[in-house]
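Q: This is the structure I have questions about; it appears just below.
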Amino acid sequence: MDEFLQKFFPEVYAKQKDATGHESQYCKFENHMLTLFTSSLYLAALIASFFASATTRKFGRKISMTIGGMVFLIGAILNGAAINVAMLIIGRILLGVGIGYANQSVPVYLSEMAPPKLRGALNIGFQMATTIGIFAANLVNYGTAQMKANGWRVSLALAAAPALIMTIGAIFLPDTPNSLIERGLKDQAKEMLQKIRGTPNVHDEFSDLVDASAVSQQVRHPWKTILEPKYRPQLIITCLIPLFQQLTGINVIMFYAPVLFKTLGFEDNASLMSAVVTGLVNVFATMVSILVVDRFGRRVLFLEGGIQMIACQIGVGVLIASVFGVSGNGTFSKGLGNLALALICIYVAAFAWSWGPLGWLVPSEIHPMEIRSAGQSINVSVNMFFTFVIGQLFLSMLCHMKFGLFFFFGGWVLLMTLFVYFFVPETRNVPIEEMNTVWKAHWFWGKYIPDDVVGLSHKSSDHDA
């Protein structure tokens, strides 16, 4: 929005309005304060996730969700009322704290409440809500861009709406049986398990949860425990999957979509509408993931999505190179602009049914109870750290790497697709407390898993049988 840029980032506004033709299309939006405003959210989320881990473990999942919603609400109000860049960044930091708490607690909550056969679909509901939020934000941006004044204030302040819904909703949600057992509330935990499973016959599952809790209670320092060799598979995958998720380049597409489409030659409203289109594709492709993830499994979606993203990244890179070259001077024809938009939409669809939801689902379902909160905090912190790094560097990378930036991300997608093929086992329909049997059977990770740990998992399997 011109009014927003003119008020807070006048240098960017001046470069955007440059009519001399001397300003490279690749560098029009390079500005350190603008990238700090955008990426400060992720740095705050990274730090908050560590505090959220202790809160989630000691007080329960719903308390963390409530805190996250309340802090996000305050940040949205502060951004909407901002009168200078400092207020914007402080509000953005509060948004990041809220996201840190929510991202740490919500996936764990969903994984623990869901039965194994529905865990994938229900957990992807988290990503589905995220994609709907992105789509709604793009619609709001398009609508408020038509306002003559203060449209940016309305756009930023409306972030308070989902925060309010989350805060009120979390207050009324029940806590998970796992969390209740961890806090010594076994009778309430059994009643809750009977309620969410829809049957009074939950003795075997409840016994497994109590046994797992007994093991977790012996762990006084989960951050130290997760470094033990027997948790090496979980730790490595929990670090690499969120790293790879960010190196797909998706956040630079989704968060900088209007900027990117302006770079491709779209006018102001056209660039915002193009962002709406990609947001809509994101929503529908995530719905596809919900429908098929528990039928075809995680690996199939990871591999198919990776191949599709590689092809699209190369296609967009070649297209931009042919129009802008190295100089950054040139103009997209309507046909080539639409082709670029189509390739980006196909890329977004591939991400939305693969690395988008699975980047949160897989790390949330592979940790035993004794390291679950610590593992999820690592997942969130790694995700947010590299989101911050890439968000901070993207506009500068685009300016200096030019069209090569798309080949850069395409190369990383190739690497992560190979990693999934060789090192990520299938976790579909496997109860969380029995995941060690999967690791033990893997050609590479099996050497890290002691036989006695697998024996405990087989005990759980015998109960289920």
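Placed from the backbone N, Cα and C atoms, the Cβ positions cover glycine too.
A TrEMBL annotation is a machine prediction, not a hand-curated record.
What you see is a predicted model, and the numbers here were worked out from it, not measured in a lab.
Sharing the feature lines straight out of TrEMBL:
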DOMAIN    1-428  domain 'Major facilitator superfamily (MFS) profile'
TRANSMEM  33-55  transmembrane segment
TRANSMEM  67-100  transmembrane segment
TRANSMEM  120-140  transmembrane segment
TRANSMEM  152-173  transmembrane segment
TRANSMEM  235-260  transmembrane segment
TRANSMEM  272-293  transmembrane segment
TRANSMEM  305-327  transmembrane segment
TRANSMEM  339-358  transmembrane segment
TRANSMEM  378-398  transmembrane segment
TRANSMEM  405-424  transmembrane segment
Q: Let me spell it out: take the transmembrane segment (339-358), skip the flanking residues so only those 6+ beyond its ends count, and list any with a Cβ under 8 Å from a Cβ in it.
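A: Non-local partners: 123-124, 126-128, 131, 241, 244-245, 248, 250, 253-254, 260-261, 264, 274, 277-278, 281-286, 288-290, 292-293, 298, 301-302, 304-306, 308-309, 312-313, 315-316, 319-320, 332, 416.
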Q: Please work out which recorded stretch in 67-100, 120-140, 305-327, 405-424 has the most C-beta pairs separated by under 8 angstroms from the transmembrane segment (152-173)?
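A: Out of the listed stretches, 67-100 contacts the transmembrane segment (152-173) most.
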Q: Determine which residues of the chain contact the transmembrane segment (305-327) at the Cβ level, with the cut-off under 8 Å and only residues 6 or more beyond its ends counted.
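A: The answer is 24-26, 248-249, 264, 336, 339-340, 343-344, 346-347, 349-351, 353-355, 402-407, 409-410, 413-414, 416-417, 420.
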Q: Sort out the residues at least 6 away from either end of the transmembrane segment (67-100), same chain, that have Cβ-Cβ distances under 8 Å to it, and list them.
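A: Long-range Cβ neighbours of the transmembrane segment (67-100): 8-9, 33, 36-38, 40-49, 51-52, 55, 153-154, 156-160, 163-170, 380, 384.
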Q: Which stretch from 33-55, 120-140, 405-424 shares the most C-beta pairs under 8 Å with the transmembrane segment (272-293)?
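A: It is 120-140 that shares the most Cβ pairs under 8 Å with the transmembrane segment (272-293).
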